[in-house]
Amino acid sequence: MSSVLQGFTKSLAMTFVSEIGDKTFFAAAILAMRYPRRLVLAGCVSALIVMTILSATVGWAAPNLISRKWTHNITTLLFFGFGLWSLWDGFKQGGGESEELAEVEAELDSDLKANGKATKDNNSKIEDENKKQNRPFLTQFFSPIFLKAFSINFFGEFGDKSQLATIGLAADENPFGVVLGGIVAQLLCTTAAVIGGKSLASQISERIVTLSGGMLFIIFGIQSFLTSVE
């Protein structure tokens with residue numbers, strides 16, 4: 001079994017590079033411009049932590065279902081595949097504004113227009129109820145804003161490269177280290193998105209981030225390929 005430090009380091013680097021320009025990063029940045037930052041941060045981070053733990057659990061259970069040699073080989077192929085995929089995407093991208101940012105902003109604008117009135121009505125009702133209660137922290141923590149940020153980030157991670165890579169990494173490395181590194185990286189990325197807002201998101205070169213992520217996946221793939229598993 002690999003060391004906790006090795007799993008932590010790999011997971012931290014992989015998750016940070018994968019998430020810094022991801023759709024969930026942009027979603028957190030845009031949501032933070034429209035709603036209270038503490039609620040957006042709590043919702044986004046909670047969703048990403050839950051997804052990281054679930055992904056690592058699946059990866060940890062994989063060697064118990066099939067042989068460790070097979071899981072190691074599959075993980076190696078995943079790293080090479082994601083690396084080549086990211087490099088291809090990076091070379092195809094231009095140097096202009098992020099298409100991912102524009103896409104997320106359009107989706108959130110559409111959702112806001114469709115549900116704007118209902119959201120306002122619900123929020124006003126919840127605010128009235130909150131005033132009657134003596135536990136403002138709990139009522140705010142489970143507010144519609146928290147749930148919206150949670151759901152957008154949680155379902156946005158399904159099938160994402162970072163999720164699949166976390167599963168593969170947890171199958172090949174210490175799962176506790178993978179979870180810890182993933183959570184720290186998610187905290188860093190999401191906090192930067194919420195504090196920096198759209199200005200930070202728009203200044204990020206998606207091409208450089210994508211190419212960096214591709215190189216990192218290739219390096220992990222080479223390292224995994226050179227590591228023998230009985």
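Every residue, even glycine, has its Cβ placed from backbone N, Cα and C.
A TrEMBL annotation is a machine prediction, not a hand-curated record.
Over in TrEMBL, the protein carries these features:
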TRANSMEM  39-58  transmembrane segment
TRANSMEM  70-88  transmembrane segment
TRANSMEM  137-156  transmembrane segment
TRANSMEM  176-196  transmembrane segment
TRANSMEM  208-226  transmembrane segment
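Across the candidate stretches 39-58, 70-88, 208-226, the maximum count of CB pairs under 8 A to the transmembrane segment (176-196) is reached by 39-58. Same-chain residues lying 6+ beyond the ends of the transmembrane segment (70-88) with a Cβ under 8 Å from its Cβ atoms: 62-63, 161, 164-165, 168-169, 171-172, 210-211, 213-218, 220-221, 224-225, 227, 229. Using a Cβ-Cβ cut-off under 8 Å and counting only residues 6 or more beyond its ends in the same chain, the transmembrane segment (208-226) has close neighbours at 10, 13-14, 17-18, 20-21, 72, 75-77, 79-80, 82-91, 93, 165, 169, 172. Residues 15, 19, 24, 27-28, 31-32, 140-141, 143, 145-154, 157, 163-164, 166-167, 170, 175, 178-179, 182-183, 186-187, 190-191, 193-194 of the same chain, all 6+ positions outside the transmembrane segment (39-58), place their C-beta atoms under 8 angstroms from a C-beta of that stretch.
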